[in-house]
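As structure tokens, the structure follows; a few thoughts come after it.
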Amino acid sequence: MRHFSIGLATSSPQVVMLQLSPRKSEKSTAFHPLSTPTGLASSTPQTPSRFVFRALHWLVGLLLAFAVVAPIGYHVQAIYRNKLSVTWTPWFHVNPKDKSRYALGKEMLPAAYFFFFFVLPIFVTAFIFTLTKAHYRAGVSHWLHAQPACFRRVVNHGELLFLALILGGNILVFYHALLLQQSLNKPPLTAVAVALAFSGLYNLTFLALPATRHSFWLEWLNIPYNHAVKYHRWLGVATITCFGAHFLIFFIQFAKTDTLFDELVPCFDCNIAASPGGKDTWVNVFGELALLCMLIMGAMALPYVRRHYYSSFKLAHFLFVPATVFAVVHYDPIILWIFTAMVLYLVNRAYSNATTATPALIHAAVTLPANVTQLTFYCASTYHPGDIVYLNVPAISKTQWHPFSIASTPLHTPGLLTVYVKALGHWTTQLHAHMQQCTAAGTLPVVYVDTGYTPSVTMSPAYSSVVLVGGGIGVTPLLGQAMHALHARPDQDVYFIWHVKTLDMALQFQSWLHQLEAVAAAKRCRLHVRIHVTQQDCAEIAIEHDDDAPTASEAAAAAAYSSSATPRPITFASALRKLALLVLTFAISGALLYFVRYHLQIAGTRPKLWVLQRVVEYVVVVAGAVVAYVLTSVGASSSPADIASTTSPAPEPAPWDRMAFASHFNVQFERADWSKVFQTVQSERADLAPHSVGVYVSGPKALYAAVTDATTDQIVFDIHHEVFEL
């Protein structure tokens, strides 16, 4: 058995055959078929091997690995100072006899290193991946997400590898930076403090990458954004720790020499161009300001603050702008280290703006009785069932974006995209109340949708059977997957098992279950359905969220909200526009930075303007991205004609009452005996090979743990799971 932690998107078609169990009064672990047609005997078509695209795909991985270690090489004297800088000296007409740090032309050496060994590899990587990902997708998430038993399956290989890279990178950078400082005869405390600063800078170089929702880096690894945020937090802790220790050591050193006031307090009557002198003081002050911004961000990102005061957390994170500006002013080569991360972050923000510039055009907004909200949008682009979208409802909060799984498939409802939201917290409860207000007023809500995120790994067509296990509202990623399977892949047995707390919750999805039956019958598919209700007396269960209910002022503000923007169907940025934006942003921002830093040189003739020089260097990188965005018009809206091809589901039969529903779908009022369930799956196919059954679990961790325990000794099953906690 192998364990993977991923989402459930698929771009491959799939067809299966309907089998529903008749109602039984006793415990049942078997799936009993109705009289439905037998499944098709055709096999999954094999896609010809694409050697070139496969080679390019793995070239991307090699370049990514190279980019991770490249910043370390800058500190290794045998690589950079003793080899590369000597080789490049003639290129920039540096006088080899001039050993001064600021010798003419020497400022180009670190720029050349980061261009050739960091910026260029990542640019090539992003370009190749964007160009080829539609032709070949084979990430390494299977191994990365496997959870070794020796660690009690608390962490996975990817997390262990990431921790190893962070620790290893920091140790190597610290060690080699310390050796350099010692070779320059720096005092011991100074050498340690500077080495810690470079370790922090190494972390800062990659800090923004896991926090970008459209990151090709994460997409190649098949790591969903909600998983990657964890790595961003780890890098943030490492960055603040290193910079904090850097400051603390210098603070101790200045205290010992009785120079705290002179070194750390801003002076307004000093010569800010003199070093040593006023310039050094202000360099330190800007470092203090950068650290202060980072400490505030770190404090506001604590789990309790983030979950209970999200708006404050979000607002505090905008301090990353002054934090990085102050850091660049503190030590100007930092702009070379963070240039790539800045460009990629800005490019990804532009990708998001492609869908968030205008509200999404809503096809239907329905509030269901069990505190579930159904939102169906017009969508002019294709998507994968199970992918993640982020919703923003300005009537509730203009700053909060919340992730939800797509519960539909374009194969069943072309031109439409559906999500289900369960009222489980303050924002989702407000959303349900707001939708009720809109329904009563006969209006549609204003909703912004951010899409086009890192798609989850494809549900493999190599599996002979797939088992979809959902828990509560966590079933939503599986809804589109199951429907997609019925439409597309004829040779897989599909088992749909839903653990739900109350029968009322299951009743809200009977429309979808009717459609599932109809598609299965029409497509002559194989499908096994099982619903487990874990509360015996569902009629007595009340689902209330009094603590999360909107206040009177919140409800009034939500009801009064309106937008003058014209809603548009959801549209993703095309690959061509993404490539154009990527190329232009790197080119324009890079050219502007090169011109300002090495030719314009504001502080060259007026040394007192060194602060302005460094701020302008930062600003032109951002300006280059803005110019590139304007030129490419990534956010171009789709025309209203795009909604003409939408297809709504066929009408379903009249809704059943509770007893009829429970009888028809053989609802069992007990928890599943997972060992017997998986024994049944194995017994129905005698020819199952190792790792031939894909098991996709979407729901609480306890559900995943139960499924994992039941399949621990079964090599037939590959376990995948979706995690919702951020």
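Each Cβ is built from the backbone N, Cα and C atoms, and glycine gets one as well.
According to TrEMBL, the protein carries these features:
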- 355-462: domain 'FAD-binding FR-type' (DOMAIN)
- 55-74: transmembrane segment (TRANSMEM)
- 111-131: transmembrane segment (TRANSMEM)
- 160-179: transmembrane segment (TRANSMEM)
- 191-212: transmembrane segment (TRANSMEM)
- 233-255: transmembrane segment (TRANSMEM)
- 285-305: transmembrane segment (TRANSMEM)
- 317-347: transmembrane segment (TRANSMEM)
- 579-596: transmembrane segment (TRANSMEM)
- 616-636: transmembrane segment (TRANSMEM)
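Within the chain carrying the transmembrane segment (285-305), a Cβ under 8 angstroms from the stretch's Cβ atoms is held by residues 233, 236-237, 239-240, 243-244, 247, 264-266, 312-313, 316-317, 319-320, 322-324, 326-327, 329-331, 611, all 6 or more beyond its ends.
Contact between the transmembrane segment (317-347) and the transmembrane segment (579-596) holds: at least three of their C-beta pairs are under 8 Å, each pair 6 or more apart in sequence.
For the transmembrane segment (233-255), the list of distant contacts is 162-163, 166, 170, 187, 189-190, 192-194, 196-197, 199-200, 203-204, 206-207, 210, 263-264, 284, 287-288, 290-291, 294-295, 297-298, 301: same-chain residues at least six beyond its ends, Cβ to Cβ under 8 Å.
Highest Cβ pair count under 8 Å relative to the transmembrane segment (579-596), across stretches 111-131, 160-179, 191-212, 616-636: 616-636. Each residue in the domain 'FAD-binding FR-type' (355-462) gets a DSSP state, and the totals come to 18 helix, 36 strand, 54 coil. Sequence-distant contacts of the transmembrane segment (191-212) (same chain, six or more residues past either end, CB-CB distance under 8 Å): 68, 71-72, 75, 166, 169-170, 173-175, 177-178, 181-182, 218, 228-232, 235-236, 238-243, 245-246, 249-250, 253, 320, 327, 331, 334, 337-338, 340-342, 344-345, 348.
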